[in-house]
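K.L.:
Please read through the structure below; I'll follow up with questions.
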Amino acid sequence: MAGAMASPELPSFEDLDVDNRRVLVRVDFNVPLRGQGDAREVTDDTRIRAALPTLRALIERDARLIVCSHLGRPKGKVVDDLSMGPVAGRLSELLERPIRLPDEVVGDGVTKLVNDTRAGEIVLLENLRFEPGEEANDPEFAKALAKLCDAYVNDAFGASHRAHASVVGVPGLVRAHAPGLLMAAELDALGRLVDNIARPFVAVVGGAKVSDKLGVLVALTERLQADDAIVIGGAMANTFLLARGSVLGGSRVERALLAECKRVFAKAAARDVRVILPVDLRCGAALDSDDAQVVAVADGVPDDALALDIGPRSEANFASVISAGKTVFWNGPMGVFENPVFAAGTMAVAAAVADCGGYTLVGGGDSVAALNASGRADDINHISTGGGASLEFVEGRELPGVTALASSN
Ligand SMILES: Nc1ncnc2c1ncn2[C@@H]1O[C@H](COP(=O)(O)OP(=O)(O)OP(=O)(O)O)[C@@H](O)[C@H]1O
Ligand SMILES: O=C(O)[C@H](O)COP(=O)(O)O
């Protein structure tokens, strides 16, 4: 896309000296889970599989591996249901090796465990976001992580838009650092898309992280041209519909963002960019409702109901816009697809993206899980492990995690 940032020159993974050294690998294992307590399981392991080439290469090169990731948003506190236990289990199955999981992120026990780790052995740290210093990019927490290693590899493309301690703090402190193979592959694939964009460009956005992604959407709109389109579903659409004066009942909306939604409408109108919103919604009494009622947006959502998916007329409208796209980027499910009653809109969009003849890119933990569930993943040109990260990349923003690898080299 015109004006997009080029990726900076990065050090090489192959040149990094890892032989018998403690290598801290930041990955994005923020994967969808189901169940509670000991019954928790990973429902989509795409992000874990995507990091395997880097981990296997390091094992072959006799590195002593310390793997770390965030999982969900525990906000600096220990939340048992967000422990890395199920992730360690799945990683161990995939690598066919034992994984050691200490019960904390940093501390004396972790230091001892890491120092006792031999070449080819793997420690997975507890959820980085159990520590308040991670999201605050606290220098002391970054130092504690840096002390655990001799070299640092960032393979967490999906978290590279977060200026957090494990993403930007550690590479500033550990001289021997490099992007992992997944990070390099993502930057290459997305860079090529952004440099040679075929139009019309259709951005399909949904999901629940409205406040995170709305600013990016405003900026993205400024880069679009006449006949490009932004298609909006999921909880994201609720706030846009409210900004247009629709009645949303008990649906998830973010009133503080109404002005921002209006900016998207104004910028899009000024550039002849189409903003496509749902015209009908599937509603229920709760996220786990076992039946859905289709409501026309013009009639409004009843007070005791929540919009949990786009409706059938919206599916058809969205599919028709997507099918005309020469480049289609999709991030964020159209509804609460984890409940089969509210999965139809997301599945319809997955099929439309897969069937469109243009270049297709799908990103995001839940979006890729939904795409996998639809059985159409093989029909997509590039599946990115990054949701917010790929959206920011496509919008042309510099990703702090990538800049940190380049500048502190
Ligand atoms: N109408 C809705 N109301 C409530 N939740 C919704 C609605 N539509 C979608 N969701 C929820 O949004 C979540 C996914 O949104 P999210 O923005 O995290 O997407 P993602 O693909 O994982 O991207 P990222 O990788 O950036 O997190 C799903 O858990 C889904 O249930
Ligand atoms: O799922 C994602 O997009 C990444 O893991 C980042 O997660 P976050 O939005 O909670 O920072």
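For all residues, glycine too, the Cβ spot is worked out from N, Cα and C.
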K.L.:
Can you tell which of ARG100, ARG129, ARG192, ARG199 TrEMBL lists as binding substrate with ASP28, PHE29, ASN30, ARG47, HIS70, LEU71, GLY72, ARG73, ARG162?
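P.N.:
Record check against TrEMBL: substrate site with ASP28, PHE29, ASN30, ARG47, HIS70, LEU71, GLY72, ARG73, ARG162, extra candidate from ARG100, ARG129, ARG192, ARG199 is ARG129.
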K.L.:
Among GLU186, GLU338, which residue does TrEMBL name as a further ATP binder in the site formed by LYS213, GLY364, GLY365, ASP366, SER367?
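P.N.:
So, going by the record in TrEMBL, that would be GLU338.
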K.L.:
Among the binding-site residues listed here, ASP28, GLU338, ASP366, whose Cβ has the fewest other Cβ atoms inside 10 Å?
P.N.:
GLU338
K.L.:
Measure from the Cα of GLY365 (ATP binding site) to the Cα of every one of the binding-site residues ASP28, ARG47, GLY72, ARG129, ARG162, then give the nearest.
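P.N.:
Minimum Cα distance from GLY365 (ATP binding site) across ASP28, ARG47, GLY72, ARG129, ARG162 lands on ARG47.
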K.L.:
Provide the number of Cβ atoms within 10 Å of the Cβ of ASN30 (substrate binding site), excluding the reference atom itself.
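P.N.:
Around the Cβ of ASN30 (substrate binding site), 22 other Cβ atoms lie within 10 Å.
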K.L.:
Specify the nearest of the binding-site residues ARG47, ARG162, GLU338 to ASN30 (substrate binding site), where nearness means the distance between Cα atoms.
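P.N.:
Nearest listed residue in space: ARG47.
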K.L.:
Quick one: largest C-alpha distance among ASP28, PHE29, ASN30, ARG47, HIS70, LEU71, GLY72, ARG73, ARG129, ARG162, binding substrate per the record, in angstrom?
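P.N.:
Output for substrate binders ASP28, PHE29, ASN30, ARG47, HIS70, LEU71, GLY72, ARG73, ARG129, ARG162: max Cα distance 18 Å.
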K.L.:
If you measure from the CA of ARG47 ((2R)-3-phosphoglycerate binding site) out to 10 Å, which binding-site residues from the list ASP28, HIS70, GLY72, ARG129, LYS213, GLU338 are inside that radius?
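P.N.:
Checking Cα-Cα distances against ARG47 ((2R)-3-phosphoglycerate binding site), the binding-site residues within 10 Å turn out to be ASP28.
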